[in-house]
Amino acid sequence: MKYFTMRKLLQLFSFQRNQIFYKHANYSVRGQDSNFIRLHGIDVVRDPRTNRGTAFTLNERQLLGIHGLLPPSVLTLDQQVSKMMANLKNMNDNLQRYVYLTSLQDRNEALFYKLVIEHVEYCMPLIYTPTVGLACQRYGVVFRRPRGLYITVHDRHHIPAILNNWPEPIVKAIVFTDGERILGLGDLGAYGMGIPIGKLSLYTALAGVHPKHCLPILLDVGTDNQELLNDPVYTGIRHKRIRDERYDELIENFMQAVTERYGNDCLVQFEDFGNHNAFRLLERYQDSYCTFNDDIQGTAAVAVAGLLAAGRITKRKLTDNIYLFVGAGEAATGIAQLLATSLQLNGLDEKEALSKMYMFDKDGLLTHSRQEGSLTDHNKVFARDDTENICKLEDAVKLLKPTVIIGASGQGGIFTDAILQQMIKNSERPIIFSLSNPTSKSECTAERAYRITEGRCVFAGGSPFNDVLLNVSGKEVHFQPGQCNNSYIFPGVGLAITLCQIRPVLQELFVIAAECLADQVDEKDLDVGRVFPPLRDIRNVSLAIAVHVAKYAYSKGICHYEPQPKDIELYLSQKMYDPNYLPVMPDVYDWPLGVTDAVS
C-alpha cells in the first residue's frame, strides 16, 4: 500500500513537470525548466540553489529526508515574499536591510530573486546604489559568506587553478573589478567585491541571466587607502597597490584563463577600474574578447537615452543643445564619446559634434592651452582651443551658456544655487543631470534643482531621489525625478550578449540600447518630468533592449549562436531565469508489463 501511494505521488510530480517542459518545448533547456534535487537530507536546505525553506510540502520533505528539519508550517512562495517584505520594512536602516537580503540570497536563491523582481523599486536601492556603496565601505563587518572568487596579484601565474575551484562548470557572465574606483568612493581595495556581486544580482533580477552562469571576481592588487590597510577586519592583501608590469601581467593572464576555462563567448565585464586603467584596458581587449566597460559604455548609453527622452520635454533635438560635462573621468568621457557618435548619426560631422561639447574638471575647462592639469589620451579630444581658460565652474556656466549640464565629478553639491539659477538664464528648459553616486556625492539633489529653477529644469540623478512637490506659479506640481542608472542598460545588453554569443561588443550596440531605452519612456513619464521608465517595468525594458541589440548584432554578423532564432524575442524570453519554485522530483513511469519477467 505504501509503495502504491509513493508511486502515485511521484507520478503526480512527473505530470506537473512535463506540463512545464512542453509549454516551452521550442527553446527549453531541461535543466532550466526543472529543479530536480539530487541532494538528500540536511544538504538540501543548506544549498541556496535547492533550499526553499518552509515552501517544501510535507511529501517533498519526507521524500528528500528533511522532514522535521523545518517548522511544520507550509507557506507558498508568495507568502514567503510577503513575510520577507514585512521583515525588511521593520528594520531600522538600509545597511541592515542589505545584510538581510544578502543573507537571504545565501540561503534561498529563488526567494531572493522573486522578492527583488516583485518589489524592484524598493529592493534595488538596497542591493545596489546607493546602499551598496556603504556596504562596500564596511565590507569587513558585513561579510558573512564567500561569494565569487578572489584572485590576488600573487596568484597571477596560477589563475586556471583558482578558476577550477569555482563549482559551476558553465559561466556566461563575469563582472570583475580591481577595487580602485568604487562608485564615487575611491580606492576600496578588496572591499570592492560588493560591486561585482551586486551587479550580477541585477543581471539576474532585471534581465533573467541565470545566476548559476554568473561569476563575480575581485582582482586584489593591494590598496593605496591607508585607512583600509590599518583596518583590523580588512579582507584584502595588506600592501600598497601594485602598479608595475605585474599588474598588466595579472590582467593578461586573467583574460586568457577565463576564456580558456569558459570559452570565447563568456562575457568579461570591467567594473570600477581607475581612470588610468579603464580606457587603456578596454581598448586593449575589446576587439579580441567578449568584453565591455559598464562605467564607460553603460553609463554613456543610459545618459544618452535620458537626453533623447528629455528632448521630448524641451522640444530640442540632440543637435540643438550645448553640453557642459562636469568631470572628465570614465563616466563623463564615455558619455561624451557616445553622445558624439549619436550627434554624428543625427547629421553633424565630427567637428560639429565636438563643438557642441565642453568638459570641465578639477583644474578648470579642458583647453589645449591651460597650464594646470594634464589631458589624457581619451579626454583631450574634448579640449577646446577656441576659448579662454576658465577655472571656476560658475564662470563656465555663465560664459559658455550650456543648455545641458552633466555632472560626473563625484563632488557632492558642486551645482550651487548660482549655477542652477544661471542654467535657467541660459535656457527656458535646461537639462540637469547629476549622475555621481552614492547620494552623498551627487552634484545636487532633485529637490534643490527643481526649487532653484522654479520647476523648469529636466532633472535626472545617478542615485534615486524622492518625489518632489513644488508650488509653481500658485499651482502644486508633482515631479518624479528619473534615475540615470546603468541598470537600465547593462542587464539587457548582457542578456543579448550571453544568449546570442555576441563578440566583439561594438560601440554601436550601446547606441541601439540607448535609443531603445528612450523609446520605452511614455507620455505619462514625461508629464511628471521622468526621462526613464519606472523601475517596476525594468524587466520588460531589459528584454526590449536585448531584442534590439541582438537583432542589430545578427545584422552585423557578430553573433556566434547559430542558427539565428526565427523569433528572437521568444528565444530570449524563454531563456530568462524564472525564480518560481518548480517541481523537484524526477520523472517516474511504468514499463510495459512482462518486459522484466524472468524466463521460466
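Placed from the backbone N, Cα and C atoms, the Cβ positions cover glycine too.
Keep in mind that TrEMBL annotations are predicted by a computer and have not been checked by a curator.
The feature active site, proton donor is assigned by TrEMBL to Tyr128. TrEMBL lists Lys199 with the feature active site, proton acceptor. Residues or ranges marked as (S)-malate binding site in TrEMBL: Arg181, Asn437, Asn485. TrEMBL lists 105-286 with the feature domain 'Malic enzyme N-terminal'. Residues annotated as domain 'Malic enzyme NAD-binding' in TrEMBL: 296-554.
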Task: Select the most exposed residue of Arg181, Lys199, where exposure means the fewest other Cβ atoms within 10 Å, treating these as the recorded positions.
output: Arg181
Task: Would you count the other C-beta atoms found within 10 angstroms of the C-beta of Asn485 ((S)-malate binding site) for me?
output: 26
- prompt: Quick one: which of these recorded positions, Arg181, Lys199, Asn437, have their CA within 10 A of the residue listed as 'active site, proton donor'?
  reply: Lys199
- prompt: 10 Å Cβ neighbour count around Tyr128 (active site, proton donor)?
  reply: 26
Integer Å distance between the CA atoms belonging to Lys199 (active site, proton acceptor) and Arg181 ((S)-malate binding site): 15
Statement: Simplified to three states, DSSP reports Arg181 ((S)-malate binding site) as coil
- request: Reduce the DSSP letter at the residue listed as 'active site, proton donor' to three states and note it down.
  value: coil
- prompt: What is the pLDDT of the domain 'Malic enzyme N-terminal' (105-286) when averaged and given as a whole number?
  reply: 97
